[in-house]
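Annotated features, as they stand in Swiss-Prot:
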| type | residues | note |
| --- | --- | --- |
| DOMAIN | 32-158 | domain 'PLAT' |
| DOMAIN | 161-863 | domain 'Lipoxygenase' |
| REGION | 204-244 | region 'Disordered' |
| BINDING | His518, His523, His709, Asn713, Ile863 | Fe cation binding site |
Amino acid sequence: MLGGLKDKLTGKNGNKIKGLAVLMSRKLLDPRDFTASLLDNVHEVFGNSITCQLVSATVADQNNEGRGIVGSEANLEQGLTDLPSVSQGESKLTVRFNWEMDKHGVPGAIIIKNHHSTKFFLKTITLHDVPGCDTIVFVANSWIYPVGKYHYNRIFFANNSYLPSQMPEALRPYREDELRYLRGEDRQGPYQEHDRIYRYDVYNDLGEPDRDNPRPVLGGSQKHPYPRRGRTGRIPTKKDPNSESRLSLLEQIYVPSDERFAHLKMSDFAGYSIKAIVQGILPAIRTYVDLTPGEFDSFEDILKLYRGGLKLPSIPALEELRKSFPVQLIKDLLPVGGSYLLKFPKPDIIKENEVAWRTDEEFAREILAGLNPMVIRRLTEFPPKSTLDPSKYGDQTSTITPAHIEKNLEGLSVQQALDSNRLYILDHHDHFMPFLIDINSLDGIFTYATRTLLFLRDDDTLKPLAIELSLPHIEGNLTSAKSKVHTPASSGIESWVWQLAKAYVAVNDSGWHQLISHWLNTHAVMEPFVIATNRQLSVTHPVYKLLQPHYRDTMTINALARQTLINGGGIFEQTVFPGKHALAMSSAVYKNWNFTEQGLPDDLIKRGIAIKDPSSPSKVKLLIKDYPYATDGLAIWQAIEQWVTEYCAIYYPNDGVLQGDVELQAWWKEVREVGHGDLKDADWWPKMQSLPELTKACTTIIWIASALHAAVNFGQYPYAGYLPNRPTISRRPMPEPGSKEYTELDENPEKFFIRTITSQFQTILGVSLIEILSKHSADEIYLGQRDTPEWTSDPKALEAFKRFSRQLVEIESKVLNMNKDPLLKNRVGPANFPYTLMFPNTSDNKGAAEGITARGIPNSISI
């Protein structure tokens with residue numbers, strides 16, 4: 001600091017370059033670290049403890065293998081004058097470099113060394129008044145650990161974008177070194193908190209063989225193919241060397257250090273919250289259930305969860321948990337005081353009308369505008385056929401006949417309804433039939449494989465026609481189906497039989513939603529892209545800059561899921577009907593996963609909901625015009641596609657440049673052959689030899705990470721927080737006329753219905769979880785936003801991104817206007833709950849949509 005003052009007084013500043021570093025508060029970022037407050041007094045602590053060295057992009061050091069010349073060390077320090085105002089939780093430090101432009105050239109990278117005893121989070125370093133360059137920005141967004149933790153220098157490049165062939169020669173070795181460090185091929189693990197290694201592994205850490213609770217290894221075999229997850233390098237279990245040992249709940253599972261949220265993200269809150277549920281609230285719920293009859297008896301009993309709450313018994317574990325968790329994170333999390341009142345906010349589905357969920361209209365509307373609107377397909381043949389192998393399952397053709405449905409076809413015959421695109425099906429029959437014998441052998445589980453036929457009315461709403469409930473029936477070597485068809489009824493016991501039939505459908509749909517639409521098709525399939533991008537694409541690569549925001553926190557939330565949610569005996573197995581067979585079932589589904597069908601237009605065409613239409617902006621035409629998920633989603637898809645197309649065209653003027661991009665080709669090869677290696681021989685993989693292939697792939701990746709995940713995640717509590725609307729488990733069969741159970745249904749239909757679906761314990765546990773998982777954080781970064789305005793120096797890219805953001809804001813207005821249109825009946829429905837899950841929320845720059853809002857498309861899968 002005194003040296004800087006001397007230079008000012010003597011005028012010796014000709015070779016000085018001023019810089020400004022932005023650091024994040026440790027106290028804000030890591031509430032568990034009680035030394036963090038000491039670090040936040042940056043003026044007292046830092047002094048000479050953080051040093052910086054500029055690296056030339058234009059002048060090579062021939063004594064250092066032609067690498068860019070490295071300048072002398074400069075210290076971060078508090079400035080003499082008042083610094084510009086900073087955002088909450090940020091600290092700004094100045095730095096002054098001795099750098100002769102005519103001798104050292106243009107700075108293109110910066111080396112940071114942390115000589116302090118603990119880590120800090122560096123956001124950016126900006127050089128001001130650089131001769132010939134004006135401003136140079138180094139974007140870090142990285143945890144910097146003490147220098148002894150690394151066997152290499154931490155280096156950050158200026159925010160320019162370079163294809164590998166365009167990288168300044170003096171910086172090329174640094175670029176290659178950095179990728180080699182991230183690949184960590186020479187490091188087997190177990191990896192530590194400070195490590196930055198991205199490697200692959202199979203899902204071999206879900207079970208605990210040493211405690212007689214094994215689960216099959218998913219990935220790496222024909223029997224159980226699966227996407228890869230991030231490697232932790234933990235030691236194998238004693239009983240099964242192919243399974244990885246697990247950590248205790250409170251231990252932090254490894255993810256590369258910069259994948260751990262450097263912000264008070266909702267995924268951080270989720271980590272504490274889920275552990276609070278498992279360690280504190282879950283035992284309290286068990287005790288409560290043991291001390292009471294253990295069941296809800298009426299819908300009114302369930303509604304008490306949202307009115308007065310439940311008084312849980314005093315559990316010592318809750319007090320111990322309260323002491324161990326950061327105060328900021330538990331204010332609204334753990335029940336407080338001697339009464340331990342557990343109360344939930346009222347879900348949107350029952351806010352305006354507590355019984356609308358029971359109607360056929362709302363049941364059908366949610367198939368188009370609910371939690372799982374990506375399963376319905378157009379029926380093209382009648383009766384519906386099965387795709388199951390007839391040599392194993394016999395003839396599984398539906399038993400629904402024209403007599404079951406023609407009275408509700410508004411004067412049409414079945415063939416006429418088919419020909420006019422008026423028949424649709426929610427078909428879970430083939431999804432679950434192969435697994436029902438195992439599933440129904442679990443304690444407390446009895447469910448069906450369901451088919452639901454629907455008719456498209458003139459006003460574009462759907463009308464349920466029939467529900468087929470099927471069970472496996474073993475005949476010799478065949479597992480055929482034993483089925484019964486139920487049709488709508490509006491009064492008497494028949495209406496409650498119909499209500500139960502819809503509940504069995506909802507159970508199927510809930511399981512498929514959580515297991516496939518949500519976990520497999522967003523969380524699991526995205527992780528290989530995250531790993532491959534960090535291993536093969538430099539941070540200076542334009543495709544890295546395009547995709548990186550859509551990976552934020554994904555590895556972290558997936559690691560948390562493996563630790564507490566999808567593991568053997570975890571919350572998922574306890575609350576969703578496939579139980580311990582759930583993940584193995586998702587592996588069977590993954591066998592038929594196809595990356596090229598994950599984009600919305602291709603998905604809609606595959607399901608017969610849309611046809612190709614070159615004249616349409618989205619190139620498809622919907623056959624159900626009022627299909628909120630698809631209507632909004634196509635607008636989002638088109639905006640993403642236009643943005644990606646404009647962006648990629650800046651860097652790839654022709655296919656030859658793309659084909660010669662060694663990093664891009666290595667990235668795509670690794671995605672296919674390693675990350676999704678169990679499907680590497682599929683013929684649908686794009687060859688990545690043309691610009692359209694790249695733009696389609698990147699558009700699909702961004703779609704999955706943002707809009708698709710938002711559609712299946714942030715409506716969980718609003719739609720399913722009231723379990724009768726979306727039960728996750730069924731526990732007994734449909735009662736047969738003349739049976740004791742049929743009499744029970746007739747005498748007390750509410751009680752029978754509630755005792756058939758998810759139990760009291762499972763309900764409270766499940767609702768506790770999805771309340772957490774449905775929340776947005778105050779610092780959520782939505783589609784069309786970036787966490788760092790200086791993410792690139794390229795003005796063409798910045799202008800294209802502004803156009804993208806403006807287009808998303810325009811979509812917001814269109815969504816709100818459609819929700820006000822009384823002719824679009826599927827937008828709001830009988831429950832008076834508008835569909836906003838595909839509302840981008842790009843216009844929200846202040847975190848106004850914090851909490852459970854049922855709107856907003858975050859950039860990434862972070863919860």
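FYI, residue positions are counted from 1 along the chain as it appears here.
For all residues, glycine too, the Cβ spot is worked out from N, Cα and C.
Features as recorded by Swiss-Prot, highlighted on the structure.
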residue : record                 : DSSP class
His518  : Fe cation binding site : helix
His523  : Fe cation binding site : helix
His709  : Fe cation binding site : helix
Ile863  : Fe cation binding site : coil
Chain-internal residues, separated by at least six, CB under 8 A from Asn713 (Fe cation binding site): His518, Thr522, Leu773, Ser774, Ile863
CB within-chain contacts under 8 A for His523 (Fe cation binding site), separation at least 6: Thr554, Ile557, Asn558, Ala561, His709, Ile861
Cβ-based neighbourhood (8 Å from the centroid) of the Fe cation site, residues His518, His523, His709, Asn713, Ile863 excluded: Trp519, Thr522, Ile557, Val712, Leu773, Ile861
Neighbouring C-beta atoms (10 Å sphere around the C-beta of His709 (Fe cation binding site)): 26
Average model confidence [pLDDT] within the domain 'PLAT' (32-158): 85
Other CB atoms within 10 A, centred on His518 (Fe cation binding site): 22
DSSP helix/strand/coil residue counts for the region 'Disordered' (204-244): 3 helix, 7 strand, 31 coil
Number of Cβ atoms other than its own within 10 Å, given for Ile863 (Fe cation binding site): 22
